[in-house]
Amino acid sequence: MAGAILAIDQGTTSSRAIVFGSDFQPISVGQKEFPQHFPRSGWVEHDPEDLWSTTAAVCREALERAHIPVADIAAIGITNQRETAVVWDKKTGKPVYNAIVWQDRRTADVCAKLRAAGKEKLITSKTGLILDPYFSGTKVAWILDNVEGARARAERGELAFGTVDSWLIWHLTGGGKHVTDATNASRTLLYNIHDNCWDEELCDLIGVPMSMLPEVKDCADDFGMSRADLFGRPLPILGVAGDQQAATLGQACFEPGMVKSTYGTGCFALINTGKEPVSSQNRLLTTIAYRLNGETTYALEGSIFAAGTTVQWLRDGLGIINSASDTQAMAERSSREQQIYLVPAFVGLGAPHWDADARAAIYGLTRATGPDDFARAALESVGYQTRDLIDAMQADWSAQGQTVLRVDGGMSASNWTMQFLADILGAPVDRPKVSETTALGAAWLAGSRAGAWPGQTEFSAKWLLDRRFSPEMEQGERDKLLAGWRDAVRRTRSN
Ligand SMILES: Nc1ncnc2c1ncn2[C@@H]1O[C@H](COP(=O)(O)OP(=O)(O)O)[C@@H](O)[C@H]1O
Ligand SMILES: O=P(O)(O)OC[C@H](O)CO
């Protein structure tokens, strides 16, 4: 099948590769988990060598399982966990420290100092981001300041910084290319999203020498050729986007006002706001949705740190479920008499609260509360948090109008959760047939650049609905539940 694409999805907990046919359907998948390192409370690291070795292995696995000649692969597309920072030696390709992961909070004090120095407004106006340890810039500076000799080496031009896409491309191309795309660059705190370039003032302020930074390309662009020995022949890398932006493309959210929400470990909702960046009054992020043919399309993003991870906590922390899908029957059994609220601030609260010090809490327990009610509260917390994001989006951008939410990610498989989401939003929730929207978005970038896949209009027309969840809840009930949720969040916040 000519026109097939190898899509790499390097995520927080696993590396995946999917071969898509020219009909946009997955042909084969390879997936490998890798170790998470938690050296101290609030620190999260990955070994960069693991990111690369698992990626190379899953690519080979997917290619073998596809049972098609490698010559039929038109291109490689890459999508990745965003913000995670890798610093390596330009000569040897060896990392100088582990990758510091997006969830890592170690630079909270650096952010607090910058805030106290009155720098947040400047940073937000240029980057569209909030001054938070979530983003790459302060993580890179931490490596330079804490690994012996690293800052001097960086200043001599010997070290490279990259988000995970850059690190993978460096290795895929045999160390020849130090590149990234505009979406990944827009998550670093170092990139000016209005001028579309690295920002010297921000690099000075945060302490990252500009010689470390990769060249920034469009999302569909020439990122180099893979080494001939890796997959049997060199393959062109023609598409790159951060995973949430890739999901936005895979969901064909090309029109202003279209919004997608991805439910994996966390939840990330992006609304396409068109060619003009909308600056948020409600603590959402302004970010680059995609850059194609030199033209930038922007999005407002709401990032929530706990969605599927709350279900994992029911399994691994409380031991009340064996597998994530058990929650469906439990939530169905739970009595509405039991109105408990779980605010899943396990690593603080993300948008729109940005409260790094809040910790999770449960309210409304009685002697009759049981495991079924905990499961329901966990699933409901995902709906409530999404509602908070959508409210913020509507307040920021009046052009939005009626919301139809396109959903994807592992947790969107939960029918109960998706129905509650529609109920609490009071708006329809659409789940597509292809659940691998993140990888599909990367594949579309590469496939369209290769000329093997169609452009936006035809691709959008092929987006197929699996199921629409329509709101069934009475307005009075919704208002009552939301009032209880807001009260629970207020009591959980540290600020
Ligand atoms: N049927 C289900 N019901 C509830 N949660 C689910 C279900 N299936 C998967 N999940 C949750 O979805 C998450 C996995 O989604 P995935 O998109 O693979 O995440 P990631 O890419 O962040 O690793 C897990 O946290 C899991 O608990
Ligand atoms: O790897 P995921 O799917 O958990 O996504 C991580 C996000 O890109 C973090 O911003």
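Backbone N, Cα and C define each Cβ position, glycine as well.
According to TrEMBL, the protein carries these features:
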type	residues	note
BINDING	THR12, ARG82, GLU83, TYR134, ASP243	sn-glycerol 3-phosphate binding site
BINDING	THR12, ARG16, THR265, GLY308, GLY410	ADP binding site
BINDING	THR12, THR13, SER14, THR265, GLY308, GLN312, GLY410	ATP binding site
BINDING	ARG82, GLU83, TYR134, ASP243, GLN244	glycerol binding site
DOMAIN	5-250	domain 'Carbohydrate kinase FGGY N-terminal'
DOMAIN	261-447	domain 'Carbohydrate kinase FGGY C-terminal'
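Of the listed binding-site residues ARG16, ARG82, the Cβ environment within 10 Å is emptiest of other Cβ atoms at ARG16. In this structure the C-alpha atoms belonging to THR12 (sn-glycerol 3-phosphate binding site) and GLY308 (ADP binding site) are separated by 13 Å.
In this structure, SER14 (ATP binding site) is part of a beta strand by DSSP. ARG16 (ADP binding site) sits 23 Å from TYR134 (sn-glycerol 3-phosphate binding site), counting Cα to Cα. When other Cβ atoms within 10 Å of the Cβ of GLU83 (sn-glycerol 3-phosphate binding site) are tallied across all protein chains shown, the result is 26. Cα-Cα distances to THR265 (ADP binding site) place THR13, GLN312 within 10 Å, out of the binding-site residues THR13, SER14, ARG82, GLU83, TYR134, GLN312. Neighbour counts of Cβ atoms within 10 Å were compared across the binding-site residues SER14, GLN244; the minimum falls on SER14. Here the binding-site residues are THR12, THR13, THR265, and the one whose Cβ sees the fewest other Cβ atoms within 10 Å is THR13. Under 6 Å, Cβ to nearest atom of ligand 1: this is the test, and of the binding-site residues ARG16, GLU83, ASP243, GLN244, GLY410 it is passed by GLY410.
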